[in-house]
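Chemist: One structure follows; several queries about it will come next.
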């Protein structure tokens, strides 16, 4: 037995591989996207999984195997989470994705690695602890539950050919834990041998001669495989949003002065005018104020934090980009926009003829119904720089509901 490995079990370095590169065909991926990014309880499935792992005091680096086409979805889902969470491009199979994520952890040199399905969001700290404590120098551990259903063997045309005894049968779960070096080498050996038919990491360990110990699993630790699984998970988490919703209101303000030009852009609509607004991007004061209001609801700073005026890539950019970025951030946190209100303050141009077009633009950007959006206009009664027609100001308010209660 390796003494350093065992002498202080509480100080062993633990890393996690989260496998989340699948396409989710069985859960209706074609219509609704990969299941790990489907919303349950107002947040992506993978977000729930990562929140539990990131909060664990035993877990260090988390390497998440992500499909290359899902990088943006993953970044939105993990936004705001603390800890060393790394995205790794996955492969064509679960086994290949796991091997690539393990390779990414080589530089971390963990003592133990937990390998977990990204679509098992209902893990808990106690389960993580049981698996870690059961891992030895040269042996792994996996959570499992005794098989309780009667098992039948089927033959041709679905005719039962026998009943399988349940004695000694267990349904495996994740996270499955292993000493890092042995399981990584086992994955490498399987890859080099052309073996890609293993259904979990414990099977690879067994094939490589690594013993694996069973620990008590959790009935709650279900894998979301089918569309109905996701619907049931959403129902399970739904009350957190409906019983004591966390309602947040954010405000935003922006102002830009006029310069030479022939039009202004307000709330995404181009309006003919004898001057243009000068400033960041297309200087859409309405959308800039709205972006700040949305960011305020999730404590994500302001527009300048995400899109610095000094960065030349945003020169002349459409401000719609900023609003959609803020919407993605709050939705990654489970936010649902209830209302957005923009007040434009100017002597000219007239806003009334363009109000309906503005409402349609905002509704599309925010992905909410037009009834939840408001655009108003007022003058400054001839007072100040606005009254002198030197510029336009905007005030915006956003109301967003987040999962959980005010106590969270």
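Using N, Cα and C of the backbone, Cβ positions are placed for all residues, glycine too.
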Chemist: 254, 256 bind divalent metal cation according to Swiss-Prot; which of 187, 288, 306, 325 goes with them?
Modeler: 288
Chemist: To the nearest Å, how far is the Cα of residue 378 (4-CDP-2-C-methyl-D-erythritol 2-phosphate binding site) from the Cα of residue 254 (divalent metal cation binding site)?
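Modeler: That comes out at 15 Å between the alpha carbons.
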Chemist: Cα within 10 Å of residue 385 (4-CDP-2-C-methyl-D-erythritol 2-phosphate binding site): which of the recorded positions 223, 280, 288, 379 qualify?
Modeler: none
Chemist: Quick one: of the recorded positions 35, 280, 288, 380, which has its CA closest to the CA of residue 223 (site 'Positions MEP for the nucleophilic attack')?
Modeler: 35
Chemist: Within 10 Å of its Cβ, which one of these recorded positions (166, 280, 288) has the largest number of other Cβ atoms?
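Modeler: Highest number of other Cβ atoms within 10 Å: 288.
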